[in-house]
Structure formats: C-alpha cells, structure tokens
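Annotated features in TrEMBL:
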type	residues	note
REGION	B:1-21	region 'Disordered'
TRANSMEM	B:29-50	transmembrane segment
DOMAIN	B:90-302	domain 'ABC transmembrane type-1'
TRANSMEM	B:94-115	transmembrane segment
TRANSMEM	B:127-147	transmembrane segment
TRANSMEM	B:175-198	transmembrane segment
TRANSMEM	B:229-249	transmembrane segment
TRANSMEM	B:281-301	transmembrane segment
Amino acid sequence: MSRHIKITAAVAAAALLATACSQGSATRGTTAEAGGKVTLRYFTFSAAPDHVKDLDTIEKAFEKENPNVDVVVETAPFDQYFTKLQTSIAGGTAPDTFELNYENFVTYASAGSLLDLATVAGDNDTSVYAQESLNAFKRDGKQYALPASFSTVVLFYNKDLFDKAGVPVPTADWTWADEQAAAEKLTDKKKGVYGDFQPVQFFEFYKTLKQAGGEFLSADGKKSAFNSPQGVKAATWLVSKVGKTMPTEAEVGGTADYDTNLFKSGKLAMWHNGIWQFAGLKDVPFEWDVVVEPGDAAKASAVFHNAVAASSTTKHGKEAWAWARFLSASGTAATTRIRSSWELPPVSDQQVLSGYLKDPKPANRQAVFDSLQAIALPPVIKRQQEMQDAVTKELSEAAAGRKSVEEALKAAATEVDALLG
Amino acid sequence: MSVRQAIPQAPPKAPVTHARPRRRGGWRYAGTVALFLLPSLVPLTLYTLIPMVGSFWTSLHEWDLITEMRWVGLGNYIELVGDPDTRAAFLHTLYFIAGYLPLVYLGGLGLAVLLNRAMPARGLLRGVYFLPVITSWVVVALMWKWLLNPASGIVNWALGLVGVSGPGWWTDPDWAMPSIILASAWKDLGFVMIILLAGLQAIPREYQEAAMVDGATAWRRFRHITLPLLSPSTFFVVVISLINGFQVFDQVQIMTGGGPGGATQVVVSQIYDLTFRYGRAGAASALSWLLFALVLLVTIVQIRGQKRWVTYG
C-alpha cells in the first residue's frame, strides 16, 4: 500500500508544481492590492531612452493627486514593443494601460482589446483636447484611447557643414530639387560626410508620394493607388539618394541608430527625422536647426499620434481612465512634455503650446507648427504590418538596384492589393 | 600483456531468495521506473506536449493573438500549401541544409582526424574548436556580421589586399545564404568534431594494425576501416545536423532578418513573422506542423536507410 501512496504523493507534487507555475505567470498580470492601494501597469515605447525621467515626473504628480494608485511603468523599444504587447494580451497578462500609435490603434480597437473609456470616465470635458487628435482615436463613436502626444517629421540640418561648404541653408520654400543640389555639394565621401539621409521605407514613401501629389490608396480604400506616375516620382526621389548623397545599405551595415550617430558626429548635413530627436541633440558640438521638409508638387509633413489606451481586461478601469486622462490632458503632463521637447501635447490651449517656442534650440521651432499646416497621415489597413513590410521590401530592392523603380512599385501594388482583397 | 588479465572477473551471484521474487514487469518495478521518469516527464508535458497540442488546436483557427480565435478547419494548411512565400521558405531551408550539412560534416571529420593524432597542445586545440559550440548564437552571428560587413568588414578588407573585390555578403541576395551557411558551419564544427573524435577513439587499434601488416595504404585503411566503423557516429551527427538545419533561425534573424529581398527567409523565420509581425498565429502553427511532418518523414527515411550503410563494429 505504501508504494501507491508514494506514487500518488509524487503525482500530486507534480500537479502542484504545474499549477504553481501557471499561477506564477498569471499573478503578474493581475494587480496585487496591498493596503487598499491599486497597482496600475503602464507600458510605453516613447519614454525610453531620452524621457524616462520626464515620465517619472508626470507619474509622481499623478500619484500625489491619486494616493491610492501606484503606477508601474514598463518600457520597450518601438521595434519590439508591439510584439511584447501582443504576446502579453494573448497570454492574459495585458498591462492595464498602454501606449498605442495611430497606425496600430485601429487593429487593437477593432479586435475588442481596448476598454471603451466613456464607461469609466470621471468627467466628459473634452474641450482640453485638440479635437482632431481626440477624434483620431474614436472608433464607431467610442473613445477607445486618449491622445497623449503628437510629433511631426522635419528636415534637420547641420549649419556648420552648410557654412563651411558655402551652401545657403534650407528654407521653407525649398523643393526636392534644392535639397538634391545642396546634398550633392555637401557630400564628401573621402571625409565620410554625407549630404542627406532619408530612410527608404514605407513611412517616407507614403509621405513623399503625397508631396509628389499622389495618393497611396484609392478613395474607397479598397485598392492601392501608388503605382502611378507620382508614385514612380516619389520612389525615384528616395532611391536616387542611395549611394550618391546617402550611404548604401551595405555601408549602414545594419547598425542600429546609424543615422542618429552620423548626424551627432557632425558627418551628416541633412536628416529627415522626427521632432522626438530634439532632446537627444541638446549637447552636440555644432550649430543645427530645422525646417519644414521640402516638397515637390505640394508640401506634406508626416504626423505621428500616440495615445493611451486601457486594456479591456483591466480590473481598474476608473484608475486606468484617471491615468490616461492625466497623461494626456493634465497641465503637468503638457508642460513636462513641452519643457523637455518630448513631442507635443494634443491640447487645445494655445498658451501651453506657445511655451514650446521658448526653448532656444533649435531656433526655428516654429517649423514644427508650420509643418502641421499640410500633413500626410499614414494609410491604415487591417493587415498594416504586412503592407508596411511589403512596400519597404520592394523599395529596398529598387534602392539596391536589383529592380527598377517601376518593377518594384508594380510588385508592391500587387502585394498590397492582395492584402486588401 | 596477458590476455587472461584483460578478462574481468564475473561478479559473485546474488543469493536467490524465493520469498520476494523480483519480476522486471512487476508493479513495483513499473512504479520505480515511473518515479525516475517523473522529473523529466513534468517539464516535458508542460513545455513540449501541452504546447504541441495547443499549437495543433491553434493551427485550425485564425488567431491574431488579441481577438478571439476563429475556427477555419484545415484552411490554414490549404492556404500554406498553395502559398508562394511558404514554398520559397522551404526552398531556402533546403538550400541552407544542402550547403551546411556537407560543410559541417567534412570539416568536423577533418578536424577529428587531425586532432586524433599525437601532437602538441592537442587538448587545448580540441577545446578551442569546441568553444563556438557553447557560445551564444547572438554573439557568433553578430561577430560574423561584422567580419562579413561588405563595406568595413575584415574579410573584404583582406580580400582587397590581394586585389579581390569582395562580394556584398549579407547585403547581396546571391551571397546572403552562403554567408549564413559559413557562419553556421563554423559554429557547429566543434560539435561534429567531438562526436566523431569519440567515434574514432572507439575503433580498436588492432584492426588498423592488422591492415597495416597486410600492406594497406593509409587511404585504404581510412576508407575501408575507419569510415565504416565511424558510421554509427556519422549517422548520429547527420540526423542531428539535419534536424538543426530544418530549424535554422537565430543566425538568420540576427544576420539578415530574412533579407535581402527575402533571400534568406527560412521556414522558422516565416513562422516567427507570421506570429509576431503579422498576427497570424493560426497559420504559423500550421506551418510549424508542416515543418514537423517533414522533419519526421526525413528522420524516418534515415532510420530505415541506416541498415544499408551503418556498420556496428
């Protein structure tokens, strides 16, 4: 009899072990309540590495106003962020609140993984928000996320390199042709200096396409429309820089933040990038400034929106809403973002926004607001990532000279149409 | 050396008691076996069997990891069989194996034969060649990525010194797979070497000596004594390397990410992309099962075929 008991005990121990393991991972998702305090998890990509302290400032202020809530911040770099978010949702350990960008918002909202914030909202005063930002995160009339910040892409330039080469610095009137002529004069491959850097990928393409006067999708959104003369023009513009005024893929060699480092080391004259780079460029040993991106047939600047959403599975909806609200609309959040040049708060109060212009660097901060006058929003479809990958892949083929621009666009259009169909 | 001395003494027989017969098939015996198996059975069940059942279930659904699963039956399998990307991924995997397997086997065999001879610092050298095997793939892949950097890598720099303009290695679709094969073979050489070295040392010297007395040349002794007697080790190495070859992923992900232009997109990187980039966990699970079926088939064929060429001394 005793041997049976032993076996039973061993099996029971194993079973216990198994349940202990699965519980161990589950308890990480639910919030532990100690002394009536609510732990609220927040997952973000935009804070690290330059703005962790700024987020900390906002968090401390929030916890002072809401002493029963303890916000726990988790960060991941953008290129790993959505993989981690998706896996944690699938694994039942979704963070209570998390950041979403506009391109991915649609996917998450239509998947039912976001909490309708109206059901937990403390008050419905939406006048603090810039209305177009607020509406961007509405779906089927429901507010699934609150806009937290927005940013635009501008043309950064190294003033010292321009002065040394005797080339007049970029102005708001510049077109592609001006940019190209300057880039050619500024490129000095012997010294490792490049005139221009604009990544050949989906996000630059949809924007330059709009600058060329084209559209990415047909009006009804059911077919691709970029395989057009304007599309060819835009793609040619991007591809023609590679190896001439811009390093090739082989020269970049897969190095992370290659362009950031190139610009910071004073070896890049013009750089197409977002205003989130301002803080990181504070201490570079040369003069730099920004200007609205040159256009072609039209001006068009890329605008990126980030928002805070709450998981539909959170047990702390009210607290989640309060945190989302604080992060997006509070005075602390807005002034912290502005003071540290951490993107822009989507608030309606122009007084707050004008504070952004007080910072002396870069001198032409007005360009950030000017760029908002003609914007290009990224096309969003259900199979977003596959579309982005397909377009980037075909453009890279053209950039490496393995396909003509026409062939690449035709192939990309076929793939995107298949994704839409 | 006297032959008598080499024969070990038989251990004294245990006294047979009729009171407690021990049958190998008895319940007590089974219980003991079960107890010993339990420690490995628990993690095997938790981390292999349950996930396998789960992945099969998932493969019958459309699932983006965030919405509810939607039943599609064999839809994913049917779609994958007709999908050109899937076909390309299998072709790239076979291309990898076709380059990797001969390279790693012949290289490992050469090293094993060399390091089986008496030579100075032999132990150290064996350790050095084995070092890459226990090094993380992340380190090895990054190192090869830098060595083979088309613009600033040391390999192309060295080629430049002798007047050869080096290829675009992992940025050129024609050279990307050879780059990965090279790095993979380099890393796994030590593993093949160790297994074959053990196999070589198990071959009794008497056979070689007898052949030498009969006047066989070094090549004939290698071909007709060493190789056949090494075949069990060879069989093991080939089976393991083939399975590893089908599962190639880490080095691809780090060195090329499946590029350029999809030239190194292998089956497992396709599985990864489907799940984590495109939110298609169902299709990814189905592809995993297709890969499993292929590996199983190939391994069964190998085990059936071993009778023809594997000699057990």
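Numbers here mean position along the shown chain, with the first residue as 1.
Each residue, glycine too, has its Cβ placed from N, Cα and C.
From a predicted model like this one, the values you see are computed outputs, not experimental measurements.
Contact between the transmembrane segment (B:175-198) and the transmembrane segment (B:94-115) is present: at least three CB pairs lie under 8 Å, with pairs separated by 6 or more positions in sequence. Proximity of distant same-chain residues to the transmembrane segment (B:229-249), defined by a Cβ-Cβ separation under 8 Å and at least 6 residues beyond the stretch ends, is recorded for 93, 96-97, 100-101, 104-105, 108, 180, 184, 188, 191-192, 195-196, 198-200, 202-203, 207, 266-269, 272, 291, 294-295, 298-299, 302-303, 306, 309-313. Counting only same-chain residues 6+ beyond the ends of the transmembrane segment (B:281-301), those with a CB under 8 A from a CB of the stretch are 55-56, 58-65, 69, 72, 76-77, 79-80, 86, 90, 239, 242-243, 246-247, 267-268, 270-272, 274-275. Within the chain, the transmembrane segment (B:94-115) has long-range Cβ neighbours (under 8 A, six or more residues past its boundaries) at 122, 125-126, 129, 177-178, 180-182, 184-185, 188-197, 199-200, 222, 226, 234, 237-238, 241-242, 245-246, 248, 266.
Counting residues 6+ beyond its ends, the transmembrane segment (B:127-147) has Cβ neighbours under 8 Å at 111, 115, 153-155, 170, 179, 182-183, 186-191, 193-194, 250-251, 254-255 in the same chain.
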